[in-house]
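**Student:** Handing you this structure, nothing more for now.
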């Protein structure tokens, strides 16, 4: 099996991330190519005016931009002259200002009771349907066999009667 060159792999990974971005409508934050320092590296990003993926230089933002990202790290795309925020886990938004809170609440007693009742009713209705289908099928089968017997016995007798 032939292996793909590293540039093809990176291009395919980048295109996959942009396809994912289009599907879930999120902002793609450029990340460094594996093996490079995150302070000064190159990354593949899609330009707004150009549908192709381009390689850009990334550096940390200057010290006067320390407070730009509320919950994340500020990065500067040198070639595009734009700044982006690399958000911490759980934060989203252009400046990492939104906390994505996932709350797991225990189920209420009413919800559990309603679920149990609905499942119980579903099982009773299903059992009733199966029972009536079996009775209908049995009656139909016995009716057919009775008709066969009537057809056989209703004909003229084979032996003469004495």
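Glycine is no exception: its Cβ is also placed from the backbone N, Cα and C atoms.
Annotation comment: Swiss-Prot describes 1-22 as signal peptide, evidence class sequence analysis. Positions annotated as N-linked glycosylation site by Swiss-Prot, on the basis of sequence analysis: 40. Sequence annotations record features per position, and here Swiss-Prot assigns topological domain 'Extracellular' to 53-112 based on sequence analysis. Residues or ranges marked as disulfide bond in Swiss-Prot (evidence: sequence analysis): 61-74, 69-85, 87-96. Feature annotation from Swiss-Prot assigns transmembrane segment to 113-133; the stated evidence is sequence analysis. Look at Swiss-Prot and you will find 134-162 tagged as topological domain 'Cytoplasmic'.
Tell me about the setting of these features in this model.
**Tutor:** According to DSSP, residue 61 (disulfide bond) sits in a coil region rather than a helix or strand. The Cβ of residue 61 (disulfide bond) lies under 8 Å from the Cβ of 68, 74, 75, 76, 83, each of which sits 6+ residues away along the same chain.
The 10 Å shell around the Cβ of residue 85 (disulfide bond) contains 23 further Cβ atoms across the protein chains shown.
If you draw a 10 Å sphere around the CB of residue 87 (disulfide bond), it holds 22 other CB atoms from the protein chains shown. Mapped onto three states, the DSSP output places residue 87 (disulfide bond) in strand.
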**Student:** Pick from 69, 96: which of these disulfide-bonded residues has the biggest number of other Cβ atoms within 10 Å of its Cβ?
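**Tutor:** Buried the deepest by this measure is 69.
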**Student:** What is the number of other Cβ atoms found within 10 Å of the Cβ of residue 74 (disulfide bond)?
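**Tutor:** Here the count is 18.
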**Student:** For the topological domain 'Cytoplasmic' (134-162), would you mind checking the mean pLDDT of the predicted model?
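**Tutor:** The answer is 69, the mean pLDDT of the model over that range.
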